[in-house]
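Quick notes on the structure that follows.
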Amino acid sequence: MSLADPTSDTTPFFSDDSEAEGSEEPGAGPSQHREVEEPASGVSSMRSVFTVIVLCFINLLNYMDRFTVAGVLPDIEQYFGINDGKSGLLQTVFICSYMVLAPVFGYLGDRYNRKVIMSVGIGFWSVVTLASSYMPREYFWLLLLTRGLVGVGEASYSTIAPTIIADLYIKERRTQMLSVFYFAIPVGSGLGYIVGSKVDDMAGDWHWALRVTPALGLVAVVLLLFVVKEPKRGAIEARPEHTLQRTSWLGDMKALCRNPSFVLSTFGFTAVAFVTGSLALWAPAFLFRAAVFTGERPPCIKGPCDTSDSLYFGIITVVSGILGVASGAEVSRRLRLRTPKADPLVCALGLLLSAPFLYLAIVFAQASPTATYVFIFLGETFLSMNWAIVADILLYVVVPTRRATAEAFQIVLSHLLGDAGSPYLIGLVSDSLKQTDSYLWQFRSLQLSLLTCTFVAVGGGAFFLATALFIEKDRQRAANYTPSGERLNLELRLYDEPIVVPKSGRSTRVPVSSVLI
């Protein structure tokens, strides 16, 4: 099967075609015929559920791998002898490669078999992640290189997976499934800290923490190949892809840039990415430095370092993430009964409420560890309200044939201005504020630099409030979209349709254009 084969979008890879073929059998009873034809996507309801479960599992591994490094960051700093600026590069190089390649996979995902693209990308990601765990201490640049290559595999998945869910479900059911899918972000992130810290403690070597997800990644590839079936693009919305004319990549980008709801929600999500990227890498290290400064823990002179803060932060991230995503989806669902602007308003509310709690968590770090953890929990809960809702906004304000490109564009912009630079920026500011290399200034400089996140969160809330002004109009425009190019082609075909004109008692077919006045 060719990757570019037009039938590959609906034909399962290494799987049975009976689901698609059964509806054409003559003599089938009415109930059997109705049962086979029921899923417009070409995927049965049971298989659709299994597809979401597999995609959710892969998304969980994606974020688990991404934050395993943050869970063992003090050990990595001690092992390679690097400062805060270089530590921030570990996340920055990954995000940079991730965002650069996202448009490429978005373009491919809108045109070719998505399951094949994801399978190849995840397999590559697993191999590169495993290779990153064998870097000697003299070659920190090689660790940076391999972490950058990990972004290749993750870009192939993150841009495409939500579009598959969009082609399986619509309306509230889609929101519910996206909520399940995006549960994997906080849960996977938290498990990254938990697994990383516990494996580091058990093995006495941080390298083993990076060898857990590659094995699970290969399992994910097998599940993807044999369980997931490629749905028909847009068919579930009664607008299959063959009725929606594909445009060029440049045409797609022009249309997306003229979509204010998409652009403004992307900027709002950029603020979410900035804050989560900063906290994800630096929060455990910040809590550890606060404990060292107050004398509650010994400094990390020789590895392995104390990773209990990573463990606690991971648990908080899992619980607050589940609560935040679930509450965000439920509040949005209830508020939609009163206003069609519910989604951006809930996103704005989440960011604006997270800002003061994150500020208090940073300020109280040296005075009360318990209060700090409580404020982190509340701040992350409100911050997590955005994940599923932002994805849903994109899917209903963008037409099906542009969704993977829109996902890619959102990934590029949100990471470029968000978590691609925020970990490095926070580390750089921390180094510049550090007056001496004492435990006091190691803590104080990082504390002051992390306060930036609270102001960015407020700015993100403002972007989502602006999105609410345009959301109704843009949603209706996407739902009623008819390609102007198709209308023009139809008119031209009608204009040139031959008609019969009498000539000397015989009929002659001539173009309409030759007889119109």
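In case you wondered, yes, glycine gets a Cβ from its N, Cα and C as well.
Note that TrEMBL annotation is computational and uncurated.
The compositional bias 'Polar residues' annotation in TrEMBL covers 1-13. Here TrEMBL flags 51-477 as domain 'Major facilitator superfamily (MFS) profile'. Taken from TrEMBL, the feature region 'Disordered' covers 1-40. Summarising the annotation, TrEMBL assigns transmembrane segment to 49-69, 89-109, 116-134, 140-165, 177-196, 208-228, 262-291, 311-332, 344-367, 373-399, 411-429, 449-471.
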Spell out yes or no: are there three or more C-beta pairs under 8 angstroms between the transmembrane segment (311-332) and the transmembrane segment (177-196), with each pair 6 or more apart in sequence?
yes
Considering only Cβ pairs within less than 8 angstroms, which of the stretches 49-69, 116-134, 140-165, 344-367 has the most against the transmembrane segment (262-291)?
344-367
Output the single range from 49-69, 116-134, 177-196, 344-367, 373-399 maximising the number of Cβ pairs under 8 Å to the transmembrane segment (208-228).
116-134
Surrounding residues of the transmembrane segment (177-196) on its own chain - C-beta under 8 Å, 6+ positions past either end:
52, 55-57, 59-72, 161-162, 165, 168-169, 206, 209, 212, 280, 284, 307, 310-311, 313-322, 324-326, 328-329, 380, 384, 387-388, 391-392, 395
What else in the chain is close to the transmembrane segment (89-109), if you only count residues 6 or more beyond its ends and a Cβ gap under 8 Å?
66, 69-70, 73, 76, 117, 121, 143-145, 147-152, 154-156, 158-160, 163, 249, 277, 280-281, 404-409, 411-412, 415-416, 419-421, 423-424
Cβ contacts under 8 Å made by the transmembrane segment (140-165) with residues that lie 6+ beyond its boundaries:
51-52, 55, 58-59, 62, 65-66, 69, 80, 82, 86, 89-90, 93-102, 104-106, 109-110, 114, 117-118, 120-126, 128-129, 131-132, 174, 177-178, 181, 228, 230-231, 233, 391, 394-395, 400, 403-404, 407-408, 411
Same-chain Cβ contacts of the transmembrane segment (411-429) under 8 Å, 6 or more residues past its ends?
83-92, 95-96, 98-100, 102-103, 106, 155, 158-159, 266-267, 269-278, 280-282, 445-446, 448-450, 452-453
For the transmembrane segment (449-471), could you work out the same-chain residues 6 or more beyond its ends whose Cβ comes under 8 Å from its Cβ atoms?
260-261, 264-265, 267-272, 274-275, 278-279, 282, 286, 340-341, 343-345, 347-352, 354-356, 358-359, 362, 383, 393, 397, 422, 425-427, 429-430, 433
If you average per-residue pLDDT over the domain 'Major facilitator superfamily (MFS) profile' (51-477), what number do you get?
84
So which residues does the transmembrane segment (116-134) touch in its own chain, when a touch means Cβ under 8 Å and the partner is 6 or more beyond its ends?
3, 8, 13, 58, 65, 105, 108-109, 143, 146-147, 149-150, 152-157, 160-161, 207-211, 213-215, 217-218, 220-221, 224-225
